[in-house]
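Encoded as structure tokens, the structure appears first; notes follow it.
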Amino acid sequence: MQHDAAETQDGQMMPGIGPDAVASARPASFEVTYGQKTGMTTVPADSFKFAGKGRISVDGQQVELTGRQRALLSKEQTHTLPLAAIVNVQRAGNVIRFDLQEPGAGKRYARFAVSSEAQARALEALLPSVKTEAFVASQAELADFHRRLDALSPHAPVTLVIVAINIIVFVAMCIGGAGLFNPDGDVAIRWGSNYGPLTMGGQWWRLLTANYIHFGIIHIALNMWALYQSGRMAERLFGSARYTLLYVFAGISGSIASLLWNPVVNGAGASGAIFGVFGGLLAFVINARNRVPQEVMVEHRNSTIGFIAYSLFYGMAHAGIDNAAHVGGLVAGFGMGLLLARPLTAEARARSGIGQWVVAMLAAALVLGVSSKPLWRPSPDVLARQQFQQTLLGFSPQESAAVAASNDLVEKVRAGRISEADWVQAVRTDVVPRWQRLHDELANEHLPADDKQFALQQAMLAYVDARLKQNTLIAESEAATVDRLGMPARVKAAREEGDAALARLNAIVSAKKP
């Protein structure tokens, strides 16, 4: 059987690859979705900058692409394309991509998803089957790449194990009271989060364990989705052992970067390590020595850069996201990726690569040692901030206990269960010492006046001082002078002073919440 010849982009005739009969008696219309998911958003993935819902119509002469660009208040646009200009149609599941070959025009392409694979097949049948020489060569290169990848590294067990460990730890933390949606930072600290005062106080293992702890179901769901999507490809490209080194190194580097940026942070999550995986992927695919096809390189390069840019921008726009860990993990992963990458060939994978391993391990030790050096001997200001952070952790339970003890005694004396003399004695021996301890802890804090926590410390101290004064006046009173139902004027004034100080303290705390 004879096949028609197809005209290639180079102006040559390529036998054996010809257009199908694409003319249709009636137009066909398909609902489509433009763009690619990157994190929580959809970004354009074609030359028309379309994103979101749209449609495509095909008749015997032309194709109409209708959609909206990803911009505020963007209007619906329609681009009419000659059917004969469409070349290199590809289908992957329900996703279709094609190039446009137009005289005097730059390279353009379209990419979209239809509702089902059956719909995609029907649409593919309506489009030309012309393939350019360059496209055929790239497809052959791509097929060879996937054959090599399947033969040399068909599975990604480490990524699955890491995902499983994270999920198991999260479930155990929830059982232990961490909270499914509203995480408890104190529980995370007990489980090994990267809490600056404790990590820098000698518990350096937190730099590693923090990568397996998450703050709530949404946090772990997003991280595990990103790890599962990118980690499997990275592991197959690098090999499981090298991938493990890259992941651990990036995670620890992210934790160190987090402390360097904020030494009182209570950080947790796998995002630093995951950014390292993205950095490693980028390092692998952009290196021509690794024999990654252009199509794969461009796809992973663009999607990786897009995800990184989106995540960092989102982190800058929202409080509570540790961009320092993201950047630290990204840089570490990229650097380690350059050191550990090797060509995806049987010959390269057969070599032991001992020298490469030694260089990578020495580099990791050097980077971790040098970058963490400022954490070994923090400045006086950093020490003061960390000490205050420790005081903050213990303040709330101690203050609540002091208030409860005082209120309990008031209820007892008003109910006649204890005498006024017993009340005064109990305030002197139990309540006053509680407030005195809180006062001493806060008075021993030496935050710089320009520290962002200084106003909070002063408000806490003013509140505790007022409560200490109130209870000291009671403790120094004679039982006969105590008004069971009212309080003497001086005690009442001290109580009101404490109430006002508490209101100011609550206002400062509320203002600090995101």
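Placement of Cβ uses the backbone N, Cα and C atoms for every residue, glycine included.
All TrEMBL annotations are machine predictions without curation.
For 202-342, the entry in TrEMBL reads domain 'Peptidase S54 rhomboid'. Residues or ranges marked as transmembrane segment in TrEMBL: 156-181, 204-228, 240-261, 267-288, 300-321, 327-345, 357-376.
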Other parts of the chain folded back onto the transmembrane segment (357-376), taken as Cβ under 8 Å at six or more residues beyond its ends: 199-200, 242, 245, 249, 252-253, 256-257, 259-260, 263, 332, 335-336, 339-340
Beyond the flanks of the transmembrane segment (240-261) by at least 6 residues, Cβ under 8 Å: 156-159, 162, 194, 196, 199-200, 206-208, 210-211, 231, 234, 267, 270-273, 275-277, 279-280, 322, 324-333, 336-337, 340, 360-361, 364, 367-368, 371-372, 374-375
The domain 'Peptidase S54 rhomboid' (202-342), counted residue by residue under DSSP: helix, strand, coil: 111 helix, 2 strand, 28 coil
Tertiary contacts of the transmembrane segment (267-288), as residues 6+ beyond its ends and Cβ separation under 8 Å: 162, 166, 188, 193-195, 210-215, 219-220, 223-224, 226-227, 230-231, 233-234, 237-238, 243, 246-251, 253-255, 257-259, 296-297, 300-301, 304-305, 307-308, 311, 322, 325-338, 340-341
Overall pLDDT for the domain 'Peptidase S54 rhomboid' (202-342), taken as the rounded mean: 88
